[in-house]
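Here the structure is laid out as structure tokens; the discussion comes afterwards.
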Amino acid sequence: MDGQLLLALLLLLLGASGLRGQGPGGPEEEPLEEEKVPEEDGILVLNQRNLGLALRAHRTLLVQFYAPWCGHCKALAPEYSKAAALLAAESAEARLAKVDGPAEAELTKEFAVTEYPTLKFFRDGNRTHPEEYTGPKEADGMAEWLRRRVGPSAMRLADAEGAQALIDSRDVVVIGFFRDRQDEDVATFLALAQDALDMTFGLTDQPKLFEKFGVAKDTIVLFKKFDEGRADFPVDEELGLDQGDLSRFLLTHSMHLVTEFNSQASWAIGVLAEVGGAGWGCPWQPPCQLSLPLQTSPKIFAARILNHLLLFVNQTLAEHRELLEGFGEAAPPFRGQVLFVVVDVGASNAHVLQYFGLKAEEAPALRIINMETTKKYAPVGGGPLTAAAVATFCHAVLSGQVKPYLLSQDVPPDWDRRPVKTLVGKNFEQVAFDETKNVFVKFYAPWCTHCKAMAAAWEALAEKYKDHEDIVIAELDATANELEAFPVHGFPTLKYFPAGPGRKVIEYKSTRDVETFSKFLDNGGELPAEEPTEEPTAPFPVGARPKVAVSGPVALGLPVAGVKQGCSFQLGLCLQDTPANASAEPKEEL
């Protein structure tokens, strides 16, 4: 009996061992039940363990990498939740998710996340090549960006009724007329439609629609409920459709010929800085609200319309309102070259007038500003502001026949009586480039917090050197005075003009205290070798928590990581990011 029992147990053990030890083709262990991905406000909460599960479960997934301390992430959070709700309400297959970056260091490294928030779009479970999110940061825009990737980016139009209904549904509608829907030009058109979220797109290959809308060959037609009503972009039969050319065409023709200034909106600062680089930004002074509606300004800078023509009028006066018709009549030939803007001096636009050196009683008046150089132009001579006069002024500026003008305050009677000398545009050249003097100048903005913080040190420095006949300590309000020698983009900017010929200029970039200033002056405009003279440029490490202090207009959508410290002339605000061990003085240079 004992032997039989032993044999039975042995057979059972061998059988179990054989089942577990089957080769690669044999059955495997039943997997444990997979964990459920947690959610918050309809957003999947991902980590290293469950990301793969989420990618398998959802064909399209937008993932936000955020940091709990990041102010921009906090600002994005409610819009992100709204976008998730919008998509859920329409049973869209796209889902939204989030990853706590500092807590998930492996994931931030895997996906090369260097700033917060960073959004990446995953399709079909592809973990190795996610698409960078390039869309807007508000709920409707995020939802539409995803819709155009999950579904068609252009509506298929089969008949005249459907085409007309689409045209009537929006202020701006773009329809691609293509004889062959399989042509590669169609793919180019649909790719552009994915990202042009402020326009509605249609697509047709129906001959009867070509005939109805007077289209003879492959053409993209922009229909609009303003200005010309329609603009056609024929496809080059030899070169095909160029996406960049089409994008610029649509951006240019989707804008109104004349835009009314809106002091309640603000420039899309992130777009301006990104598109234009060092020379771009909102040039008008705090609260930096010279603006077109937010939906318009990104188009302007993407289309690179550098020249803006401003007509200053008092809308309460009938004789001023009568000028608007002629102003609009002059605009069509300059579409894409000059942006026509109407500014009501009767509204809260004193800062705009100040920037252009105008007073309300001087209206009506014309001014042109080049947004790349920030140079400003005024008509030469007087005369009525007719359509012909407006066109003549535009042609003269574009052809280089008009010289830019520079703003300057009047020279104060006591400009040289204090230890800190007061410079303005009218006396700057004479003082700064005096070959017998070493001149140290602070360029500041009255609203700049960093300028205010160093004011006491600058006064103390001037007091220390007031008896040195060859040293001048001075300051210039760069918001009210412009210089031909160089532009000033950041505050405070400190420049040293050594004595002697050659108009030499040295920019000071070190610590802003009396001791370091003194070493700089005593050493002829340079610091001893052991002193650092350049700001550190290392970005914030992922997971590091910066100290952020903001003054001026704050709702700008600027990224936290990588932004330098200081006050920006063109943004009209002050920023301070202070990474660990950073000793550089704050200053924003665009």
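Glycine residues also receive a Cβ, built from the backbone N, Cα and C atoms like all the rest.
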Given ranges 402-421, 502-521, 522-541, the stretch to which TrEMBL attaches the annotation region 'Disordered': 522-541
Segment confidence, the domain 'Thioredoxin' (397-526), expressed as mean pLDDT: 93
Helix, strand and coil residues within the domain 'Thioredoxin' (397-526) as assigned by DSSP: 35 helix, 29 strand, 66 coil
